[in-house]
Each structure stands twice: as C-alpha cells, then as structure tokens.
Amino acid sequence: MHSRTVFFVSDGTGITAETFGNAILAQFEMKPRHVRLPFVDTVDKAHQAVRQINHCGEVEGKKPIVFTTLVNMEVLKTLQDGCQGMLLDMFGTFVHPLEQELGIKSHHRVGRFSDASHSKEYSDRIAAINFSLAHDDGQSHHDLAGADVILVGVSRSGKTPTSLYLAMQCGLKTANYPLIPEDFERRQLPPALEPHRKKIFGLTIQAERLAEIRNERRPNSRYASLDNCRAEIAGAEAMMRRSSIRWLSTTTKSIEEIATTILQELRPERLVY
C-alpha cells in the first residue's frame, strides 16, 4: 500500500519534474504512487489536473504531493489557486532568484527541449544510441575505433544498461563486450579489443548477486550456479588486472553512479560543458 500519491505536473514531458521530484523523495522512507501529468499547457488542462489531484486527496484522505515545472504563469496560477495538495513549484523556486542574480529575465519558454531535434547535440545523441545498440554484447567489432567507451565484463554484470545510459544521457558511443571462459583461458583481452585498451572500462559484480540475476533468466542452470559465477568473476578480474583495465563493482551502485564513475575515469571533459 502506497503511503502517498505524488503528481508531476508539467507543460512539457514531465521528465524534469519527475527526475527532480524523485531525487527529493529518495531522501524519505516511503513508497509513493507516481502520477505524471504531461503537456498541461492550457488553463483548461490545468483545471483538469486540479480536479484529478483534489479527487485523489478526497479518496485517500491525504494531501497529494505535487511537483510542477509549469512556466506559463496563467496555467501555474490556475493550479496554485485550485490545488488542495502540497504544491512544490520548482521553476518558481529557482528562476526568480536567478533572474535577480543574473540581472536578466528568463524566457519562460515551454518545453526546454522544444528545439532539440534540430540541434547537433540531439543528432550526436541519436548517433550514439544507434552505435551502442549495434555494438551491444559484442554483436559487432566494426568501427570500434569510433567508440568513446568500451565496457567489458561477464554476462549480466550491467554492461548493456550502462552503455545505453551513457549513449542517451551523455551522447557517448559505447560498445560493450562480454568476457567468456575462452577469454580467461587465453589470459588476455579478446584480440578485437587490444588496439582500444585506453577506451576500455571493466564492470564486475559480487558472485551471489550475479547468481541471483542469472537464475531469473536461466534457473538452476550451470550458467547461473554460484560456483560458475565465482569462477567467471575471478577470471574476469584477473584479466582486467593483468591488462591494467580500470574497473568497478556494480553490485551496490546505480546506473547513474556507474556511468559517472566511468566519465570521471575515461572522459572527464564530458563533466564540463
């Protein structure tokens, strides 16, 4: 049973409100019900949002929490005047003080990604996603020279989600390559990766956690057995040490933490823009 309903109201996609709101909610031991209300860009839609929020409060007997990134003042005022939830206006909290500090007025432009599809950054991100999908799980060795990052590790150690995050969020062309027992027997990196060693970053994981993940995919198989997981991890870590590959354990880290560590180690310039 959720302890409270949280609404994310935006005149755009609602992703900014949801991301910011979830970062704040993560500080509290609770499991709220999430409701995203995107494209609330007219007064009529704001009235609909107010009715939905207030009805939720009446049914649950608790004030909903409402995070909003509305920039249209008329739409925002409609929400402020009618909403019976706890309203947290993110843009209002930060934009006005920044206007005063910078001495300039903000655009109050709806949708911060409104022109994104025509930007070089957007095109680069799409290219990075396509590259990462084409080079997922060692599918292709073609154009590894064009990779920004190459992730290596045993199967199910977190390579694919990290690759896609680096592509989507950072615009990095990221290949990932599984390390398998045949690689451990050779005691060296796969030949296709050797020329690109400076781009390689390794991911490892605790054997118990790996066995748990693999058992969800192939229950009671040798692939998922704890002994096999231990052997593969030991082989992969030994190889990375011999090859002087930087690596980290993904066991207790989020994708965001993993990706940020990789950026710090391999592409620190991407942290400054």
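Backbone N, Cα and C atoms are what each Cβ position is placed from, and that goes for glycine too.
What Swiss-Prot says about this protein:
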BINDING   Gly153, Val154, Ser155, Arg156, Ser157, Gly158, Lys159, Thr160  ADP binding site
Given the binding-site residues Gly153, Gly158, and counting only Cβ atoms in the protein chains shown, which has the most within 10 Å of its Cβ? Gly153
For a quick check of packing: other C-beta atoms within 10 Å of the C-beta of Lys159 (ADP binding site), how many? 28
When neighbour density is defined as the number of other C-beta atoms within 10 angstroms of a residue's C-beta, which of the binding-site residues Ser157, Thr160 has the lowest density? Thr160
List, in sequence order, the same-chain residues at least six positions removed whose CB sits under 8 Å from that of Ser155 (ADP binding site)? Pro178, Ile180, Arg214, Tyr223, Glu232
Cβ contacts within 10 Å for Arg156 (ADP binding site), all chains included, total 23
Please list, in sequence order, the residues in the chain of Val154 (ADP binding site) that are at least six apart in sequence and whose C-beta is under 8 Å away from its C-beta. Pro178, Leu179, Ile180, Thr204, Ile205, Leu210, Cys229, Glu232, Ile233, Ala236
Using DSSP, would you call Gly153 (ADP binding site) helix, strand or coil? strand
